[in-house]
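Chemist: Take a look at this one; I'll ask things after.
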Amino acid sequence: MNTKTTNFTFAFDKKNLNLAETIIKKYPPNGKRSAILPLLDLAQRQNGGWLHISAIEYVANMLEMPYMRAYEVATFYSMFNLSPVGKYHIQVCTTTPCWLRGSDDIMKICEKKLAIKHKETTKDQKFTLSEIECLGACVNAPVVQINDDYYEDLNEAKMEKLIEQYLNDL
């Protein structure tokens, strides 16, 4: 889906609007822009795991900041997805420690088992496969993040088993 041409208007639902207002109150009145990360995350979670352009604009307006500043934040951090992702977003860390411990093999297993490549989503919208920069768990490399869960000390067999579990919806 092209996020620039889709007619879609984002707004927090009542529950998330209350949560957003609570988050904003944690910051001083002149520093509410600092709530940008948690509010973008909240918007992404409400929107099925990705940020539509209108969600970024909505958050920017809520924080009384220029849209471009919010967009810069959303595009800088790899935790934000600017296009739809599958139900299970598999992110393989490929930075040096993980690469040295076999992240290339982990990526190949994912591609083979799911029949997709990096930055693709399965036809049933169940899986999206991505590379991600350091997840901060280098001591337990290689590491994969699936949605909010980390899986560490992986090898090909462990990754195959993990994918099977997700194929069966755990």
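Using N, Cα and C of the backbone, Cβ positions are placed for all residues, glycine too.
What Swiss-Prot shows for this protein is this:
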BINDING   Cys93, Cys98, Cys134, Cys138  [2Fe-2S] cluster binding site
Chemist: Among the binding-site residues listed here, Cys98, Cys138, which has the most company in the form of other Cβ atoms within 10 Å of its Cβ?
Modeler: Cys98
Chemist: Rank the binding-site residues Cys93, Cys134 by the number of other Cβ atoms within 10 Å of each Cβ, and give the residue at the low end.
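Modeler: Across Cys93, Cys134, these binding-site residues, the one with fewest Cβ atoms within 10 Å is Cys134.
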Chemist: Any idea what DSSP makes of Cys134 ([2Fe-2S] cluster binding site), helix, strand or coil?
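Modeler: DSSP call for Cys134 ([2Fe-2S] cluster binding site): coil, neither helix nor strand.
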Chemist: Centre the Cβ atoms of Cys93, Cys98, Cys134, Cys138, go out 8 Å, and tell me which other residues of that chain have a Cβ in range of the [2Fe-2S] cluster site.
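Modeler: Neighbours within 8 Å of the Cβ centroid, excluding Cys93, Cys98, Cys134, Cys138: Thr94, Thr95, Thr96, Pro97, Ser103, Glu133, Leu135, Gly136, Ala137, Ala141, Pro142, Val143.
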